[in-house]
Amino acid sequence: MSAAQIFNTVHVNGSSPYDVHIGSGLNELIVQRAAESGAEQVAILHQPSMDDIASELDAALVAAGLKVLHLNVPDAENGKSLEVAGQCWDELGGAAFGRRDIVIGLGGGAATDLAGFVAAAWMRGVRVIQVPTTLLAMVDAAVGGKTGINTAAGKNLVGAFHEPDAVFIDTERLATLPDAEIIAGSAEIIKTGFIADPEILRLYETDPAACLKKEVEGSHLPELIWRSVTVKGSVVGQDLKESSLREILNYGHTFAHAVELRENFRWRHGNAVAVGMMFIANLSHKLGLIDAPLLERHRSILAAIGLPTSYEGGAFDELYDGMTRDKKNRDGNIRFVALTAVGEVTRIEGPSKQDLQSAYEAISH
């Protein structure tokens, strides 16, 4: 293993505080954390694409005197099902996995979501260390304590709030990712820029290529990851269970989740969020909440790095049905997180179906 180097640490407050470590060569620190925890066993939950990384981590954990169990799950959103979670619990039971033991979620957002849910439910809650390997998971899924699985009714409708013991973001993993994964993950970073950190937007506007550069030297990605995690950590530290403030992290997500449901989760989450931000920006402009320059700023920033800014036409009824199922809805009203300016967040409650259709048509192709 290469020597560990930490660039930044974000401390997340709350009922169970934890640290998010951002750096390179972090396997050594992951092993140290597990070895000092009092655990006898570590279960690494990972997808086939992570087999090599999991094997490397396995060897280091065994060398530190820990027993290692592998929970192999299907790639992508296919693994986030009750059936797969049940198989994981069966394996934990067969290994006599105890309350002091630790689950490690290794992989993209689907793996970290599932690992958190498996850990939250096993013995009413065992510790989980999140090791995200995609940009999306680094800035979104692995931070914040939300866990969940998908059902036929929608995405992440079954889950639990379960804060991780620690999160380790290794920027060396970025170089292994396809360009499309970097682009899609950037949508969640841009989202945090619009809701809370204008410097994120400035970086994308002044040098979009550096914001996508996977090799750390000369890349803005380490700073963008740190800034995005800082925003999310501050929010969830004040409101873990999304009773008020945490809702702002759902900017663009109401429409995005409807798109994902319609696409049977085949769309990358970040791409759906990009289109979702364009939808809510258009709705906000129509309702007089934002001006035309801010609407155009959404489009230009997203388009500059290759994110989609439109969605296919003729699908409004299906998308409307998806939006009516959103978890943020209250009293039968569809609710949206919206902006009045960069860093100034508000809510739109129960907009008319006609206004929603108009916003949809503005982004249809």
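Heads up, the Cβ atoms here are built off N, Cα and C, so glycines get one too.
In Swiss-Prot this protein carries:
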BINDING   75-80, 109-113, 133-134, K146, K155  NAD(+) binding site
BINDING   E188, H253, H269  Zn(2+) binding site
Practice item. Sort the binding-site residues G79, G109, K155 by C-alpha distance from E188 (Zn(2+) binding site) and give me just the closest. Key: G109
Point to revise | T134 (NAD(+) binding site) CB neighbourhood, other CB atoms within 10 A | key: 27
Revision key, fill the gap. In chain order, residues whose C-beta lies under 8 angstroms from the C-beta of D75 (NAD(+) binding site), counting only those at least six residues away in the same chain, are Q47, P48, S49, A110
Exercise for review: Could you tell me which of these binding-site residues, E77, E188, has the greatest number of Cβ atoms within 10 Å of its own Cβ?
Suggested key: E188
Practice item. Pop the Cα-Cα gap between H269 (Zn(2+) binding site) and A111 (NAD(+) binding site) into the table, whole Å please. Key: 14
Review point. Near the Zn(2+) site, what residues other than E188, H253, H269 in the same chain have a C-beta no further than 8 Å from the centroid of the listed C-beta atoms?
Key: L136, D140, A187, K191, G252, A256, G270, A272, V273, G276
Point to revise | Spatial neighbours of K155 (NAD(+) binding site) that are distant in sequence (at least 6 apart) but have CB under 8 A | key: E77, G148, H257, E260, L261, F265
Review point. In whole Å, how far is H253 (Zn(2+) binding site) from G109 (NAD(+) binding site) when you measure between their Cα atoms?
Key: 15
**Study point:** Integer Å distance between the CA atoms belonging to H269 (Zn(2+) binding site) and G79 (NAD(+) binding site)
**Key:** 15
Point to revise | Distance [Cα-Cα, Å, rounded] between H269 (Zn(2+) binding site) and D113 (NAD(+) binding site) | key: 13
Practice item. Reduce the DSSP letter at D113 (NAD(+) binding site) to three states and note it down. Key: helix
Revision key, fill the gap. DSSP, reduced to three states, assigns T134 (NAD(+) binding site) to coil
